[in-house]
Amino acid sequence: MNDVVPLPVLLPLFGCGAALMFSRRPRVQRAITVSVLVAVVAIASMLLVAADRHGPQVAWLGSWPRPLGLALVADRVSALMLLVSAIVTLAVLVYSLAQGGASEDDESTPVSIYHPTFMVLVAGVSNAFLAGDLFNLFVSFEMLLFASYVLLTLGGTESRIRAGTIYVVINMVSSALFLIAIAAVYAATGSLNFAQLSERLGDLPDGVALTLQLLLLTVFAIKAAVFPLSFWLPDSYPTAPAPVTAVFAGLLTKVGVYAILRTQTLLFPDSPLSNLLLWTAFATMLVGILGAVAQSDVKRMLSFTLVSHIGYMILGIALGSAEGLAGATLYVVHHITIQTVLFLVVGLIEYRTGTTSLLRLGGLAKTAPFIAILFFIPAMNLAGIPPLSGYLGKIGLLQAAVADGSTTAYVLVGGAVVTSLLTLYAMAKAWALAFWRSEEQAREMSKALNEAAAEHDEPSLRHITKRAVEKNASEADRVMPTDVALAAGATEGDEEVDDLYDKPLHAREGATPRTLMWPTTALVAFSIALTVVAGPLFGLTERASVDMKARTPYVNAVLGDDR
Amino acid sequence: MILLISVHLLAALAAPAMALALGRKVFMALAIVPLATFVWAVLNAPGAAPVTQTVSWIPSLGTDLAFRMGALQWLLTLVVAGVGALVLFYCASYFHDDDRVGSFAATFIAFAGSMLGLVLADDLLMVYVFWEMTTVFSYLLIGYDMTKRSARLAAMQALIVTTFGGLAMLVGMLMLGHLAGTMRISKILADPPAASGLLTAAVMLVLVGALSKSAIVPFHFWLPGAMSAPTPVSAYLHAASMVKAGVYLVALLAPAFAGVPGWRAGILTLGVLTMLVGGWRSLVQCDVKLILAYGTVSQLGFLLVVLSVGTRAAALAGVALLLAHALFKSCLFLVVGIIDHNAGNRDLRTLSGLGRRSPVLFAAAAIAGASMVGFPPLLGFVAKESVLTALVDVTAGGDGTGLGPVAAWTVLVGVVVGSIITTAYTLRFLWGAFADKPGVEATDFKTPSPAFLASPVVLAVLSIGVAFFGGPLTKSLEGYTHQFPPGAHEAKLALWHGLGLPLGLSVLALVSGALMFVARRPIAHAQTKVAQPWSAQRAYLSLMHGVDRLSVEVTGFMQRGSVSAYLAVTLVVLLAFPGVAMLMAWTPDVQVHVWDTPAQAAAGLVVVLAAIMTARARRRLRAALLVGVTGYGCAVLFVLQGAPDLALTQVLVETASVIAFVLVLRRLPTYFTDRPLSAQRYVRALLGLAVGAAVAGIMIVATNARTAQPVSVGFPEASVDFGGGKNIVSVTLVDIRAWDTMGEISVLVAAATGVASLLFIGTRRSTIRRVGDLPQHHAAEPKTGGSWLSGPSTLAPEKRSIIFEVVTRLVFPAMVMVGVYLLFAGHNFTGGGFAGGIVTGLALVVRYLAGGRYELDEAAPIDAGTLLGVGLVIAAGSGLAPLAFGGAVLESYQYDVHLPLLGDHHLVTSLFFDIGVYLVVVGLILDLLRTFGSRIDRQIISEERDNDATNAEVAR
């Protein structure tokens with residue numbers, strides 16, 4: 001199986017080139033990209049089986065004498081990540097076939113650009129999971145970042161460009177820092193190969209190793225959106241088209257988490273930073289989830305839950321025990337799936353109603369019962385309601401923390417539980433407003449909020465916010481004061497004001513296209529299936545973490561047993 | 001057991017479809033499922049060994065699908081399944097045929113299945129699984145009336161409160177499981193972990209869950225709110241099953257953990273308090289359903305008190321009370337449902353004369369009410385007698401519980417007072433719902449059908465019937481009660497306990513309660529007068545409100561929406577962590593090697609100065625050029641370091657970027673707009689300096705730490721031997737680390753498409769328009785043979801330069817040749833596909849500058865996207881190809897080939913990869929030119945035209 005390790009990267013690149021060549025023939029283009037991803041799913045499954053049965057699968061590209069050249073490594077963790085990401089990207093790709101499928105000139109999703117770029121993104125994500133070399137990891141990041149720059153600004157609307165600016169600038173800086181880190185690592189060790197680094201970094205003076213570790217952590221923390229390096233995310237993700245946000249939310253931060261997981265276990269075992277990471281995880285969870293509670297737009301809300309739940313994964317990594325790593329790995333798998341599917345469902349809502357604002361949504365349980373089910377199950381999953389995968393991931397992590405037994409670990413248990421509760425709160429709020437409440441009520445509330453906001457001559461966000469909190473104290477349904485601020489913002493010369501309250505919700509009548517529905521449904525089914533296969537899956541992540549802790553299986557597979 | 005639970009859940013999946021066919025009769029069909037469960041339970045009455053079933057689920061977490069039906073579980077199964085079947089049967093009359101029957105029925109049966117799982121599970125985590133499932137289904141059922149704001153709020157409140165408790169319980173369970181080394185409940189009970197602070201904490205956390213689920217003070221407020229649910233839901237979830245979950249858990253754990261510090265003190269206090277508060281609040285309710293709801297709160301407190309005491313007598317009494325409560329309370333709720341349904345009214349102030357209109361209904365309610373107050377010969381009486389007997393035993397020396405006389409008497413008094421109130425509110429309920437009230441018009445009440453009445457009547461009859469089976473019941477429950485040590489008296493259930501204090505207390509409760517009922521008006525009046533000093537509901541609301549407010553404050557503070565703020569945070573983190581670590585790693589023996597040659601310092605200085613000036617520049621063009629200078633400075637450094645390839649590439653890249661910048665800047669304002677305040681500028685400058693210093697420090701420290709030999713030492717030899725090339729840089733790029741290059745060219749492709757996407761909104765394709773395609777061109781100017789370039793003829797005369805055109809005409813082929821040469825020479829000499837591509841691209845730039853956009857299309861009549869695509873396909877294909885020959889991806893082969901005219905050549909297959917790189921780079925530059933050049937030209941021209949038109953109009 002060693003030979004096929006590069007294929008999950010190479011095939012999408014090939015597909016990208018082919019898609020560009022056939023950019024005038026959308027059907028051919030789609031056939032190419034979809035079949036490439038189907039192939040990647042198949043290869044990833046084979047790799048996972050092979051890695052589980054026969055140990056890490058390694059490809060030395062170009063067959064150069066080791067340790068020259070580059071190695072791609074698919075051990076259990078990489079292969080598992082690869083498989084999940086392949087499944088998710090395939091679902092998203094099929095989902096996006098419906099968008100802009102009708103006309104070439106659909107402004108929000110220009111198809112001929114979308115497909116090749118999406119392929120580069122997939123290649124980058126796959127490569128990041130497989131990279132066995134620090135610089136190659138950097139290249140992977142560049143691939144997925146550049147593709148994401150393009151996808152984020154698709155159509156070039158003002159809000160997307162504005163969001164894109166934040167995203168691009170922050171990521172450019174993080175890329176620069178990554179390069180600096182790579183230079184420093186190479187300066188200190190003379191190698192960039194993970195396996196070789198794992199042997200050489202230990203020989204460095206503690207202080208230097210710690211500096212390098214912190215530098216890499218800073219870089220990856222930006223990618224993974226770990227507090228306090230997470231602020232860029234909720235400001236940039238929500239503006240993109242739904243499938244784009246879905247795949248970003250599902251995969252890109254997890255690539256950062258994976259990088260942290262890989263480097264912390266392989267390069268810096270017995271990390272002295274465990275406590276630091278624990279507290280970062282704590283802050284990430286809580287600050288993130290408070291952000292979600294404060295939102296009135298479903299997309300933004302989900303972007304904040306995304307940040308918040310990164311904290312769970314960091315918790316597992318920080319604990320550093322095999323149980324913790326297994327829990328973190330499982331949580332990554334769960335979160336990739338669930339966060340993607342939620343954004344896809346939000347895309348369905350947007351398709352149906354033309355909005356994702358909780359100020360305006362209403363009546364969906366009646367008008368779109370199937371979408372309601374598709375939203376409710378993953379929403380509960382995200383909130384960790386059993387027996388869904390979010391619960392299982394949470395249990396794995398909490399068990400690891402309880403087994404750790406330190407005071408800090410117990411504080412984290414508390415933080416995780418509170419986060420879980422607040423996630424449920426945010427989800428239930430969205431559910432009550434968008435699905436249960438009638439459209440009529442939605443319109444009334446928007447009006448009331450608008451009036452509340454109009455009373456103010458000083459539209460400073462904080463001020464209105466505070467007033468609104470007082471005002472809303474007795475009000476039911478607890479739509480958040482930021483809504484008032486948003487409504488206030490809308491009053492200031494925004495042409496949308498009238499639209500906002502009087503326009504009926506149905507942007508589109510009739511059935512939602514099947515190409516939107518069935519990938520979403522399939523992904524919901526996949527998320528439920530995670531529960532069914534939880535036993536073997538946990539077994540796999542457990543074996544994976546034991547190997548990660550041991551390090552030798554990876555190192556020997558890459559460098560050979562006979563060193 | 002797994003089968004039974006699965007059947008429930010499958011029935012839930014099938015329910016919507018069944019409802020389409022059957023309408024509300026679907027409830028009858030679904031009732032078969034719990035009925036079958038009931039029958040199964042009856043057939044499996046507790047014997048010597050409990051029924052168990054275990055299927056492995058997640059061994060890694062120590063959790064399995066473990067189920068076990070002991071005596072306690074058996075009784076609860078009977079309740080859950082029996083009442084479930086009756087309520088479902090009742091639903092068929094309660095609901096109308098509409099499109100929501102299906103989803104309601106599905107949720108209801110799914111709930112029943114979860115509840116069954118909850119009582120049968122023998123694994124702590126499985127208990128939690130079903131526990132939360134009941135919470136979620138209950139949430140959906142409470143919010144059934146979804147367009148009512150009050151229903152939504154109540155649903156949310158119930159969800160949050162019980163999930164809060166549930167999560168606390170989860171942590172407790174995990175701790176308990178950790179301490180016990182197993183999640184299996186039967187094992188934990190058989191061999192409880194040794195007492196420790198951790199165990200106490202674990203048990204207390206579990207109790208938080210139990211208390212919240214069973215609506216015990218201070219969590220009680222969610223239950224009355226949950227009455228927004230349809231009445232069958234209240235009858236089932238909020239009387240018979242779900243609210244008993246907490247009570248069940250306490251009963252389950254009591255044998256092992258009743259002795260844990262805080263268990264008795266905590267539960268008894270809160271239980272008695274709940275009994276009193278619930279009863280007291282129910283005395284002022286006007287909605288008959290709410291009387292029952294508060295009554296339920298009160299009774300749950302009562303149940304909890306009895307089941308937590310931890311003596312054999314109390315345990316038996318508690319279980320009997322639990323059964324009695326399930327029977328009478330669900331009956332009463334179903335009665336209220338009929339009243340609500342047929343009278344459309346639940347307010348006792350306006351209900352009148354119902355007793356005469358439907359005597360059967362009244363009889364059922366009266367029997368259930370009598371059971372509730374403990375009137376003989378009903379099950380409620382049997383249970384209450386046993387409770388009082390057990391508690392009296394505790395007052396005399398603790399009965400093995402270690403409770404002091406003061407505590408025991410307080411509990412007893414509390415329970416008796418609670419019973420008095422119970423009598424009062426029960427009478428008030430019966431009076432309120434059924435009595436003829438003077439001055440109130442008789443309520444318009446449709447006589448309920450027999451099917452509608454069946455369920456409450458059956459439940460009422462059971463309240464009588466079971467009372468006579470105290471003996472067999474005692475026997476069946478031994479499996480549970482015998483986990484407790486035998487007490488002062490033999491524990492048994494019977495209608496006649498003999499004359500004694502317990503009977504006296506029963507009579508006292510009945511008589512005083514009746515008196516209290518008579519005095520209901522003054523009592524209600526007094527209650528409304530006394531302001532409530534504290535309300536759990538209000539505390540909950542202000543807590544949630546606080547959370548909302550906190551979330552807004554925190555998010556407003558963190559989420560500034562400003563790039564510079566986020567950047568500042570990032571850089572501060574860089575300084576605070578890696579920066580500080582670097583300072584700590586800086587040992588005195590760190591050596592700083594300043595430069596190899598002073599020329600490096602000079603180049604470095606240029607780079608630094610250019611960077612600073614860039615940051616200070618106000619004009620965009622100036623900034624762009626200065627950035628270019630930093631790049632050329634780097635190229636100089638590369639040259640000094642002895643890397644001509646890198647230098648060449650760097651120079652070419654800088655040139656191409658500067659050109660791109662200049663083309664773009666045509667469409668941007670000359671000056672940067674916002675300039676930060678000066679104070680902020682200094683802070684930023686300082687931060688920048690600090691970060692620069694930190695990075696320099698990190699590099700110095702890292703360089704000093706090196707001991708191992710770098711891998712690149714092996715490159716030169718391997719390049720020649722294995723890579724077949726003498727140019728190490730080039731071999732590295734296209735062979736050793738070709739995979740990196742592959743990634744980077746895909747980055748170029750993404751960048752090119754991205755640039756195009758931003759300007760050519762909607763399509764990646766640019767239309768290629770050659771000179772010949774211009775219609776007016778043909779007409780106006782027939783082709784003249786003497787022209788050097790054809791494109792410039794499309795330009796306005798003042799924009800043309802003949803000399804430039806001539807030079808371009810001469811230079812262009814040469815530049816393309818150089819590009820191609822660099823591509824092929826790369827493997828052994830300076831060059832490579834990348835550099836070659838840029839040179840070729842620059843040749844196109846020259847053509848464009850000389851002749852405009854038509855000239856560009858003349859020079860390269862091909863779509864940039866196609867070029868990019870072909871390039872990437874060639875590169876990726878050359879990576880894939882070796883697989884077909886049994887090699888590894890990107891493996892290269894060497895051949896000596898003889899070409900006619902060109903002589904012998906040493907061909908390395910990595911050349912194909914390099915050709916791909918070359919094409920991608922050319923494609924990128926072509927794309928940039930088309931986008932930033934041609935496209936913007938077109939914009940400018942069309943704007944000029946518009947302006948001219950406007951001017952002309954204005955002039956007119």
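Keep in mind that glycine also has a Cβ here, set from the backbone N, Cα and C atoms.
A quick note: this is a predicted structure, and the numbers were derived from the prediction, not measured.
According to TrEMBL, the domain 'NADH:quinone oxidoreductase/Mrp antiporter transmembrane' annotation covers B:121-394. Residues annotated as domain 'MrpA C-terminal/MbhD' in TrEMBL: B:605-669. Residues annotated as domain 'MrpA C-terminal/MbhE' in TrEMBL: B:681-759. Here TrEMBL flags B:803-926 as domain 'Na+/H+ antiporter MnhB subunit-related protein'. Annotation comment: TrEMBL describes B:235-257, B:263-283, B:315-339, B:360-383, B:403-430, B:493-519, B:565-586, B:598-616, B:646-665, B:686-705, B:802-824, B:905-929 (among others) as transmembrane segment.
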Revision key, fill the gap. Counting Cβ pairs closer than 8 Å to the transmembrane segment (B:403-430), the top stretch among B:235-257, B:263-283, B:360-383, B:802-824 is B:263-283
Review point. Sequence-remote contacts (6 or more beyond its ends) of the transmembrane segment (B:646-665), Cβ cut-off under 8 Å?
Key: 620-621, 624-625, 627-628, 631-632, 634-636, 638-639, 729, 830-832, 834-835, 838-839, 841-842, 845, 925, 928-929, 932-933, 936
**Study point:** Positions whose Cβ lies under 8 angstroms from the transmembrane segment (B:263-283), at least six residues beyond its ends
**Key:** 203-204, 207, 211, 215-218, 220, 224, 250, 257, 290-305, 308-310, 401-403, 407, 410-411, 414-415, 417-418, 421-422, 424-425, 428, 520, 523-524, 527
Point to revise | Summary of DSSP states over the domain 'Na+/H+ antiporter MnhB subunit-related protein' (B:803-926), given as helix, strand and coil counts | key: 88 helix, 12 strand, 24 coil
Revision key, fill the gap. The average per-residue pLDDT within the domain 'Na+/H+ antiporter MnhB subunit-related protein' (B:803-926) comes out at 84
